[in-house]
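For reference, the structure discussed in these notes is given below.
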Number of protein chains: 6
Amino acid sequence: MQTIPFLRKTGEAPFTDRGIKKAGQLLKPWTGEGVKGVAITGAPLSKTSISHSGAFMAPQTIRQMMHSFSTYSIEQETDMWDGVITDFGDIEMHVTDLIQSQNRIYSALKEIQSQHNGALIITLGGDHSVSAGAIKAFQETRGRVGIIQFDAHFDLRNTEDGGPSNGTPFRQLIENGVISGDQLVQLGIRDFSNGKLYHDYAKDNGVTVYTMGDIKREGLLTLLKKSVEQLKQTTDNIYISLDMDVLDQAFAPGCPAIGPGGLDSDSLIEGIQWLGENPSVKGMDIVEIDPTLDFRNMTSRLAAYIIMQFSLFYSKREGGK
Amino acid sequence: MQTIPFLRKTGEAPFTDRGIKKAGQLLKPWTGEGVKGVAITGAPLSKTSISHSGAFMAPQTIRQMMHSFSTYSIEQETDMWDGVITDFGDIEMHVTDLIQSQNRIYSALKEIQSQHNGALIITLGGDHSVSAGAIKAFQETRGRVGIIQFDAHFDLRNTEDGGPSNGTPFRQLIENGVISGDQLVQLGIRDFSNGKLYHDYAKDNGVTVYTMGDIKREGLLTLLKKSVEQLKQTTDNIYISLDMDVLDQAFAPGCPAIGPGGLDSDSLIEGIQWLGENPSVKGMDIVEIDPTLDFRNMTSRLAAYIIMQFSLFYSKREGGK
Amino acid sequence: MQTIPFLRKTGEAPFTDRGIKKAGQLLKPWTGEGVKGVAITGAPLSKTSISHSGAFMAPQTIRQMMHSFSTYSIEQETDMWDGVITDFGDIEMHVTDLIQSQNRIYSALKEIQSQHNGALIITLGGDHSVSAGAIKAFQETRGRVGIIQFDAHFDLRNTEDGGPSNGTPFRQLIENGVISGDQLVQLGIRDFSNGKLYHDYAKDNGVTVYTMGDIKREGLLTLLKKSVEQLKQTTDNIYISLDMDVLDQAFAPGCPAIGPGGLDSDSLIEGIQWLGENPSVKGMDIVEIDPTLDFRNMTSRLAAYIIMQFSLFYSKREGGK
Amino acid sequence: MQTIPFLRKTGEAPFTDRGIKKAGQLLKPWTGEGVKGVAITGAPLSKTSISHSGAFMAPQTIRQMMHSFSTYSIEQETDMWDGVITDFGDIEMHVTDLIQSQNRIYSALKEIQSQHNGALIITLGGDHSVSAGAIKAFQETRGRVGIIQFDAHFDLRNTEDGGPSNGTPFRQLIENGVISGDQLVQLGIRDFSNGKLYHDYAKDNGVTVYTMGDIKREGLLTLLKKSVEQLKQTTDNIYISLDMDVLDQAFAPGCPAIGPGGLDSDSLIEGIQWLGENPSVKGMDIVEIDPTLDFRNMTSRLAAYIIMQFSLFYSKREGGK
Amino acid sequence: MQTIPFLRKTGEAPFTDRGIKKAGQLLKPWTGEGVKGVAITGAPLSKTSISHSGAFMAPQTIRQMMHSFSTYSIEQETDMWDGVITDFGDIEMHVTDLIQSQNRIYSALKEIQSQHNGALIITLGGDHSVSAGAIKAFQETRGRVGIIQFDAHFDLRNTEDGGPSNGTPFRQLIENGVISGDQLVQLGIRDFSNGKLYHDYAKDNGVTVYTMGDIKREGLLTLLKKSVEQLKQTTDNIYISLDMDVLDQAFAPGCPAIGPGGLDSDSLIEGIQWLGENPSVKGMDIVEIDPTLDFRNMTSRLAAYIIMQFSLFYSKREGGK
Amino acid sequence: MQTIPFLRKTGEAPFTDRGIKKAGQLLKPWTGEGVKGVAITGAPLSKTSISHSGAFMAPQTIRQMMHSFSTYSIEQETDMWDGVITDFGDIEMHVTDLIQSQNRIYSALKEIQSQHNGALIITLGGDHSVSAGAIKAFQETRGRVGIIQFDAHFDLRNTEDGGPSNGTPFRQLIENGVISGDQLVQLGIRDFSNGKLYHDYAKDNGVTVYTMGDIKREGLLTLLKKSVEQLKQTTDNIYISLDMDVLDQAFAPGCPAIGPGGLDSDSLIEGIQWLGENPSVKGMDIVEIDPTLDFRNMTSRLAAYIIMQFSLFYSKREGGK
């Protein structure tokens, strides 16, 4: 075999520094073996959004943004250099049959979670509709789920006006009997971003709702501790559903439904770190980033940073899981 | 008359959810009847700006952004579903005679305020020059005005160097004898955004000036309470003139004169809520948003949100006014 | 009833010139009466696109762009001032059930064409998938259709790999027995934009294909005359399906599938004028403009201009139809 | 005096090549002396535009774009290295009194033309409203003017509906008795871009109108020769008023009123070269470029290139004038 | 090994159609074996540009744009489905030592051309500075080179004012004795884009120069035939150096040095097709596309299309080489 | 000499207000005399960046942004109207020899600091590579330097993998024996933005490192006081190296290496004010702003504001230095 000086394969990094490993390099394509630790799976579905959304591009953009970060946490003085974040790739979506796309998300994630019991899967949306299938698959393989939902919106809309969309995932889960309302805690719900009918629905079904006002008064960490404590009493595992629009528009300019009055990114990061270390947390999704609307991929950068912080604190769990 | 299945008139919302009413749907075009409660009027004038400005587009953009919000406040558990925000439309501007445009703003608003004594008119600029006519009309119909001006700038420039522009409205009001300086409180005035000559003018005329430093030290709410208390002693009604550039550039990227060192949006919203509920407040304008410069209409979104929060707390006033 | 000086209702033109009527003002919302002449209907569907597409925004953008033009043709010295282009509005799309959306396009257009036999309906996509239903409805109400398809692509893809998408409309029509291949003439098919399998399919089914090379060699007008002559022998009426990506990327920067080597806009306009005047032409659609990708709405401007030129020459038909 | 190695004053070119002089370096600020040859003057007025326009930025942008070109014409094998294009600077506009701004354009240009009889002044708009004053000044100092207007629009609107705007300059000139219609030839007038009322006005006043159709049929050069021949019979000097929107939107994406069906840039350049060499041509303006809307300053680049081609062919005139 | 339903590896196409193969799929990473036919190598160097340039991104962007095209030419009724375009990857550039980067380009390409005598290498810049090394390597491995340079500029600047930059490649080749001027034909040289000093240099060194005027008068094909005929008399092989800025700004908006008065894309494509089939042509580079400045990657799209047309006509050569 | 009414020279402000002086007007080009007080010098080098960077444009953009501010500080009630900030201009960079460019920065700044001992030079990058030469020149002319580095990154990379780049300046200073690690305090170092190898290097060399976590826990002012106290014990003067990416991406969207988890702009401004007044501080640089990536020049605006605040507090130093 011949060699050519200075040649790098298409796609390889144009410059490497011996002292720095990119967080993106921790991503290893799954090759059929059993997986442990944090892993990601793309669910590139956003045709299910009520408004036009390019959120299907987020999995790929978040992966790219992981190349903007290194593996070393100076705050923890911990290097994830030798770590691995398994990348299961993306679930293939159907061009025109959106229900089939949703079913594929459920089926693929169920199979993944079932095969890889020791793995913590982070599902990358896509829009929030992907959480319905993701959570159903999670519960069927990991036991009764308690959900921590970061969101400006209930996502409890009726499914009759438009089918199972990015406004309905938690309604679907409750209506289909997958979960009951007491398995769900919603944090960051915001003024003028929801309908009273759906607040009533949340109340009627025993969903715990913390508004942005609650967070500003009590602090996110306090509410998270309270929420996890409460959920642990009736569920087996905690699943985080992170809709990035829980953040204020100044910190997440790339969410389809941006607005003022939301969370700042530092608070969210602190919350994610705490959840990352908490051994009850066994699943996660990150949704509602539309790279076509973002500024300099700021929102995907934040998502990549959150994956890294979560993974870092996950690695601090006792027994490593 | 024939009907066609699935057909929606041009301009109708492409999707409706039975449980959600858009804040934008509260806007009802004025049809000649007497008006009560909050109402908006567009003053799409920005040729009067010292620098190039597309702020004339803001009234239309803010209306559109109201469709990004719903009618339900979860923090107050109050639904404005049945509320009405009357939309008087826009005042027609002259293509080349800017003084005539300014006069039209005054005449139209005077007529509106005069006809609709029970209404609280929010005038949507346009640049800050619209406030001169708006406040004159307000005082002539509602009694001696006390002004709470949110602004990075005095807007007390001399009128000789360029005529009545977006830098001069409060100077005009004082010089023309419409108000005296003690009727005016300015909040958020910022370093390197003003001339000493005009600070001297403010002092000489008894204008109360609170800088960003004052706000950071004492808190916006404290200063607002102090300001309203003070103004109420010599005036009949409070008028809010909200120049969005009082905000830091991170929170209001669409103002022509953006800069660092300004207010954050949460503080402003809290202040507006307090003013909304305060029965002395009887008029308002929102100015200096240029949608052609904004990112994803963030600044117009914030303006729409402010209109909703103001209206919400306005509805909590005793006796409803 | 009260009046206010200088007030214009929200949405009204901010400036009017007595000597100029905007082409957009010819658009009159349908109010249930019988319609004659040119009419438009929006089919805002683009979730059916193989690639991400905002083409569902095109009907609204094209309507806006009609306000960039006036009613007067100096070349023909004809003023359409008193003309009317009926606007049936947009067909409501389902959020998640795309097949139902396609069926609604078919149903609504069938009802429209059936009720308004004297009208020439221009359907505004949306992506090219809307043509399948539009043409089926056209043929069922107007008799055997002959199709002039302007396109860089065959749009004859198999429907198994992704369902009925923007790559399949003419395949669907043939496979479902709605048309046979000899009812279809394709103009502008381009290198490296199609698969051989689908060229074979076109040949096997008797579709007439003129490539960009053919157009450059023989001229568009010559080929159009030949095509209409041929189609008239076996069909009752001509339907134009105008995929804007038949144009070179320099002239239609807002099509999802832009590329070099395409038609220039002057040639297309000339062709449309000829077709507008030809009494055989009884239906039309304009598809594949994505306003989110366009530069200054150039492609929607061109579409609006084409509607006006078509309507102008349509009005020159003998007997006015 | 001290010196510092490698230091360049702010504003100096960061790199210079001994073999290349930038066209922009031909621009020499006027310092009070008598001027010969081509000179430019900025008339940065666009608040007079019917629609929002940033055309006031064009003089500065065109100057910058002249730094994108060199002084050497390979086609003519002529180097303008030693040439000078005098830059009179910009006429100061009033912030709020637009009529005064227009008067200043007239006064300044009259003084310039009067003082510098040997100079050919190119006035850089701004919008087309600047031509009214520019042409009046030209005629009062240089004798009876014949105007070659490149434009998609008549710019003969009535002045009652909005005052003297960018739609009215030639109407003003005729109504104010500055010119009669036979002094005006309009080239490039386009379909659906004008009102019939104003075509009638053109005809009634003896204005010569060549449409885009005329240009496509007869060729621009032919019509230019015919026009100059005709104008020379009754006027003393030719003045070119070049509204860049005579060009197709593909070639001038930065004009406020872009559209399809216009001139290509090569034809315009050829026409300008011919006019540059023609000794009758003694004045020019270039208007209606809005740099805030342009793509990569393409339209200002073209304007700069036109100034250079015009100057090159001007230098070929016999006797150098 | 386990499998998961619907899962696709990161980077795989999200949708595949059995009837269409993407041109991009013809690209096969080189794996050490001997290569025949067309192959590409990236030379991602643009720090050597006189002005700021992101042309180093072009190789990657052009590869992506090849996924916008299919393998089938309808004009030739030829499917390249089974073809291969070997992708040697990118040559690694040094972060701060630009001369070393240029040397690496030379070394790598010399090795490639030497190892793969049967391959036609298309080097993808990067800026035009990459051609100096690429052509030197070409000649040393393939015999005396005749160069067809498409360019608005001579690229014959002196090397003293800034070192070996994107303005100097052909000067370097002549000064270093690699070629003499009669081995070089330049097509498309444009007004006001060059210095007379360098035209003199071209003449003094026997470089053949065809201006845009020459092309417009005589036709590109005619000049190409003449050029190849002439070069073949004294050289062994023809090398095409395609600077995309030979095109008019309307057709190549992504070149750093855009301007009016250039070539249209159809003419260039026709010229490339002819050169592709001509057995004398044995090497090529495509340079000066800056994807950060482009609109919708139009210029990279055109480059990808040119690679495909060149490859198509290359495959028609007798004996297949 | 003649005069023309209303004429302003190219480049002059189009509007002036007698009561306001622009901060930009404080900038006076150096004319060879001795300089006191704050002065700026541009070091427009960014080809040395590991990733593509347009930071070389920042000096010019920051100067322009100074025209967005006035000279008056309302917080200090101090007007800098009569102040002067000397502008030494920009150091000329070599096109292709980056090491020579770095040497020029060193030579020019050494000469400037040497000639103007009473001046406080703010060097405007450019990327962070400019600090190596700037600090070496500072120390050689002003005595042993203590460095306060605001940065998300160590910038202590090895110089072997890419030469002296924007990742290596402080490594170069230490390795070349210009400074020892105890002369360097780094503030704001962030998670996943650095390599452990370089943290080890910092520790091994006695560099003081404060992370973002430290800043959030202890406060920036506290750490600054501690840092200056410590540095003063072993050094003669303090030099501030301000890499703007120490800020959170929400506050500095124009840095090449943006990310979440950084400093807010208010804290930075407060820190700079304190440092401005501290008599130990004698030099400064501001680096890593890429205007081509920024939104509305927000980051350059902030830099200009920081220059003004620094200059304001500098003027408050006892003895004025």
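Placed from the backbone N, Cα and C atoms, the Cβ positions cover glycine too.
Taken verbatim from TrEMBL:
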BINDING   A:His128, A:Asp151, A:His153, A:Asp155, A:Asp243, A:Asp245  Mn(2+) binding site
Non-site residues, in chain order, whose CB comes within 8 A of the mean position of the CB atoms of A:His128, A:Asp151, A:His153, A:Asp155, A:Asp243, A:Asp245 at Mn(2+): A:Gln149, A:Ala152, A:Phe154, A:Asn166, A:Val246, A:Ala257, A:Val287, A:Glu288
Site with most surrounding Cβ atoms, counting all protein chains shown within 10 Å, from the binding-site residues A:Asp151, A:Asp243: A:Asp243
Cβ neighbours within the same chain of A:Asp245 (Mn(2+) binding site) - under 8 Å, at least six residues apart: A:Asp151, A:Ala152, A:His153, A:Ala252, A:Cys255, A:Pro256, A:Ala257, A:Ile258, A:Gly259, A:Gly262, A:Glu288
Listed binding-site residues (A:His128, A:His153), ranked by Cβ neighbours within 10 Å, top entry: A:His128
In three-state DSSP terms, the structure that A:Asp243 (Mn(2+) binding site) belongs to: strand
Spatial neighbours of A:Asp155 (Mn(2+) binding site) that are distant in sequence (at least 6 apart) but have CB under 8 A: A:His128, A:Ser131, A:Gln149, A:Asn166, A:Gly167, A:Thr168, A:Pro169, A:Phe170, A:Arg171, A:Asp243
